[in-house]
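The region 'Disordered' feature in Swiss-Prot is assigned to 1-23. Look at Swiss-Prot and you will find 35-252 tagged as domain 'Protein kinase'. Per Swiss-Prot, ATP binding site is recorded for 41, 42, 43, 44, 45, 46, 47, 48, 49, 62. The active site, proton acceptor annotation in Swiss-Prot covers 163.
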């Protein structure tokens with residue numbers, strides 16, 4: 001599903017009906033307020049995320065909200081551009097075999113993306129529970145290896161996630177598959193610097209939320225090298241980014 005195919009005009013929405021959905025069940029994406037039909041599950045700086053129902057199927061709706069300080073026309077253009085970029089990133093990953101939420105509907109007029117509801121826990125929560133458990137070490141190592149492999153493939157497509165943290169990775173309950181979520185800050189770039197910064201964001205997330213996780217991140221990097229053709233250059237640049245980060249921490 002190309003981004004242009006799933007975008008809509010201000011007064012309509014293009015729908016992809018999930019196979020398991022009931023065709024007799026409908027909702028109006030034009031008039032429905034999500035806080036009336038859905039459950040707010042998170043709110044960030046750019047968007048709110050709801051759990052709701054689409055054609056009888058549980059789904060997640062991500063709704064970008066307007067910024068009062070921006071001119072309405074400019075605000076809509078920026079929101080539309082970011083939504084379409086997120087959709088493109090998800091589609092690229094899906095076509096390459098990366099586990100990401102399936103897209104159901106994109107409603108540009110209302111700044112919404114309807115996507116697959118994934119039942120599972122975040123990698124962050126999994127590590128909180130099991131990092132110190134000896135019986136889970138093999139599983140944790142397997143997850144870290146998969147993380148490195150998948151990020152390498154994502155970067156090989158020149159997709160920059162923009163917010164690589166263990167909160168934005170899920171373990172699907174039914175299969176334990178690793179699923180990447182929240183591509184709201186993603187963009188396309190072949191820059192070694194951008195890829196290195198993407199990895200640095202993940203490293204800082206490990207340092208700040210998962211104590212004694214240095215070896216875990218090293219496992220990620222080792223497996224990143226297996227799927228990224230320019231991994232050596234990216235990791236060299238990562239070392240430079242780390243140095244800049246330390247200087248900023250020391251001197252402000």
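Positions of Cβ are set from backbone N, Cα and C atoms, glycine also.
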Residue 163 (active site, proton acceptor) versus binding-site residues 43, 45, 49 - nearest by Cα: 45
Cβ contacts of residue 47 (ATP binding site) (under 8 Å, same chain, 6 or more positions away): 62, 63, 64, 65, 184
Where residue 49 (ATP binding site) sits in the secondary structure, as DSSP reduces it to three classes: strand
Most crowded position, judged by CB atoms within 10 A, among 43, 49 as binding-site residues: 49
Largest tally of Cβ atoms lying within 10 Å of a Cβ, found at which of the binding-site residues 41, 45: 41
Mapped DSSP class for residue 41 (ATP binding site), helix or strand or coil: strand
Additional residues around ATP, ordered along the sequence, whose Cβ is within 8 Å of the centroid of 41, 42, 43, 44, 45, 46, 47, 48, 49, 62: 63
For ATP: widest Cα to Cα gap among 41, 42, 43, 44, 45, 46, 47, 48, 49, 62 in Å: 14
Averaged pLDDT, computed only over the residues in the domain 'Protein kinase' (35-252): 93
Cβ neighbour count (within 10 Å, all chains shown) around residue 163 (active site, proton acceptor): 18
